Amino acid sequence: MDPRGVLILVAVLVAEIGSVANGNLVFPVERRKRSLSAVRAHDVRRRGRILSAVDLNLGGNGLPTETGLYFTKLGLGSPPRDYYVQVDTGSDILWVNCVECSRCPRKSDLGIDLTLYDPKGSETSDVVSCDQDFCSATFDGPIPGCKSEIPCPYSITYGDGSATTGYYVQDYLTYNRINGNLRTSPQNSSIIFGCGAVQSGTLGSSSEEALDGIIGFGQANSSVLSQLAASGKVKKIFSHCLDNVRGGGIFAIGEVVEPKVSTTPLVPRMAHYNVVLKSIEVDTDILQLPSDIFDSVNGKGTVIDSGTTLAYLPAIVYDELIQKVLARQPGLKLYLVEQQFRCFLYTGNVDRGFPVVKLHFKDSLSLTVYPHDYLFQFKDGIWCIGWQRSVAQTKNGKDMTLLGDLVLSNKLVIYDLENMVIGWTDYNCSSSIKVKDEATGIVHTVVAHNISSASTLFIGRILTFFLLLTAMLNN
């Protein structure tokens, strides 16, 4: 990944997942709620981070009233120490704050102990030098003035002014491998990740959102997923299912064989998961929009991002959509809540009183958004509209369409980077999926469960990740 690349902070899931498969990874995840204003501010920061690299040629829960910060605990080093990192399907590298960090958070309101990674405190840690192949590949060529004793640097700058800078190290990632029905044993795999030396902006402050770092599941060769795939341990296919009804979910690596999912192509050579949106249908009527409004050229287009809470549309699209959505209720009086959300009083069944919205993508794939998806209950009898007018533009002034949990919840979403396609289907995310083990051909069942948080400091659920590997993992 180009060091100027982006990190999209992604909310992931709320569940404990069980499996009857071999070759799996397990990570526990916590969540904390936020206010509506915090939700919007969260999305604004994320859009800024997207915009900071939208022109770069990189290889890269959901109700608003219930959304929160999601993070997982993993082990790094020998002996392994615990680190809490945000799980992000839109970023590339894994990085954690390091012992020499000058402006790293020392405390968090999340009720967790933050830990600084010390390369000298691990028996298996090695600094990645600038003349190693990984570094050359990351920078698309040799670094000028590189000498073997100089570490390979990384630097990520965000649109909101936050930044992380440091160097790459190689060490063991420790996880729990499934070796039976809900039975695990510790395993490890050697990976390269960032050692954060300098943080600024929100990343350098001790706050309720402070964590040890971020783990990315993006498209670049520097991601943990890509590194595992390059070593022949997995295929670059993963899926998630976000349940905003029961608070459950599934996150798996591997080929999903049940349910069957139709797909649409991913736009190549984009930093994020960009797709081609063709049209929007409301109440069986296609919105009349400029023919080039959803073009994917010049950094324009539609981004799928499960870390963004709401859904953001170009102004002209938003205005047409809201007019059509509210047409069934002409006498409805709108109120502004927290100076940014359009809300109204309504005591009926929203699925009967408002229309279904369908987004149509290339290759005839559609995404159905029901009224109970795009409308959320702020208080008893008060409903708010989740669609938002986008103020996000690319560096050349083009509008962006950003589709978050508002439209992705209660759907199984599959990212197939082997074939550069993405797909989804309406699904009960508290049920199960079937994933094939490529090494044996055996199909395994992954089941989602809800459990209460073990700590009263956390509001929400604990998610246990079972990353289903498509081949047996080696130590």
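Think of each number as a place in line: the chain as shown, counted from 1.
Glycine is no exception: its Cβ is also placed from the backbone N, Cα and C atoms.
According to TrEMBL, the protein has these features:
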ACT_SITE  D88  active site
ACT_SITE  D305  active site
DOMAIN    70-425  domain 'Peptidase A1'
SIGNAL    1-23  signal peptide
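Here the Cα atom of D88 (active site) is found 10 Å from that of D305 (active site). Taking all protein chains in view, 26 other C-beta atoms sit within 10 angstroms of the C-beta of D88 (active site).
The number of other Cβ atoms within 10 Å of the Cβ belonging to D305 (active site), over all protein chains shown, comes to 26. Averaged over the domain 'Peptidase A1' (70-425), the predicted model has a pLDDT of 86.
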